[in-house]
């Protein structure tokens, strides 16, 4: 199996030690990507002066288009800064260029990151399953209720994808474009500017969290809420998107695969934030609490082994991934 060095003419370690652009340039480039991603959402009305969308579907289709355009432009900025991916494209080496963004054909990183993320939701998963029919009492029926609950939730979400514009936003377009811009485009730029993996993992999520601050304006005006409530909602959203961003950046840095944070992002959007109040009021609250602790403990124990770079053919510390 022949490895294609994405840095091509310079080794990864050499590029990390002697980056072709400054750390400040990398910070500004990532900020530009974040502003571009958010600002592009408002170009139909602010730049092109289009009339307001007549339906909610039309509104989100416009936003989907803007998100895709922003992702393409962010990729262009990333490639321009790094330089070598442009040479790869000129030479017809598309797989190597895509590997820069973590799109690789080898060692597909789907199962372990998905199962790892599911462990964090073990309590909510059990609660959902048990609450499908609280009248089930004996063990065999409870087990059947668990399976039925998981099947029903999965079936409903799959069906909704074909008809629900919000499902397309939450499970496809949103996760894909956000991971593309905030992980696939930003991480290589920061790494190749000489930032350590730890600093990259801490920096990228801040851009991701800040990119959700536009919801403050959308909460105040379209929803007609006061500024204090909007600030609380936006602050909470910034907190949990930043925390998730740390986890997503960790997955990307450890596996070198975009699909790893992508499946985690989709799964978290499907599950939503844990309903703590419902769990406390449930007749199965002790079981739910126990399974939550088991899931959290298992997640902590398996976090490093399940994301070991050796599982994914990725060398930690290299400024760009390699394609095999």
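The backbone N, Cα and C atoms fix where each Cβ goes, and this holds for glycine too.
No curator has checked TrEMBL annotations; they are predicted automatically.
As given in TrEMBL:
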type: DOMAIN; residues: 166-271; note: domain 'CAAX prenyl protease 2/Lysostaphin resistance protein A-like'
type: TRANSMEM; residues: 21-40; note: transmembrane segment
type: TRANSMEM; residues: 60-82; note: transmembrane segment
type: TRANSMEM; residues: 111-130; note: transmembrane segment
type: TRANSMEM; residues: 180-208; note: transmembrane segment
type: TRANSMEM; residues: 229-252; note: transmembrane segment
type: TRANSMEM; residues: 258-280; note: transmembrane segment
type: TRANSMEM; residues: 287-306; note: transmembrane segment
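Comparison of 21-40, 60-82, 229-252, 287-306 by number of C-beta pairs under 8 angstroms to the transmembrane segment (111-130) places 287-306 first.
Looking at the domain 'CAAX prenyl protease 2/Lysostaphin resistance protein A-like' (166-271) alone, the prediction's average pLDDT is 86. Nonlocal intrachain contacts for the transmembrane segment (21-40), taken as residues 6+ away from its ends with a CB within less than 8 angstroms of a stretch CB, comprise 66-67, 69-71, 73-74, 77-78, 81, 177-178, 181-182, 185-186, 189-190, 192-195, 203-204, 207-208, 210-211, 214.
Break the domain 'CAAX prenyl protease 2/Lysostaphin resistance protein A-like' (166-271) down by DSSP state and the numbers are 90 helix, 0 strand, 16 coil.
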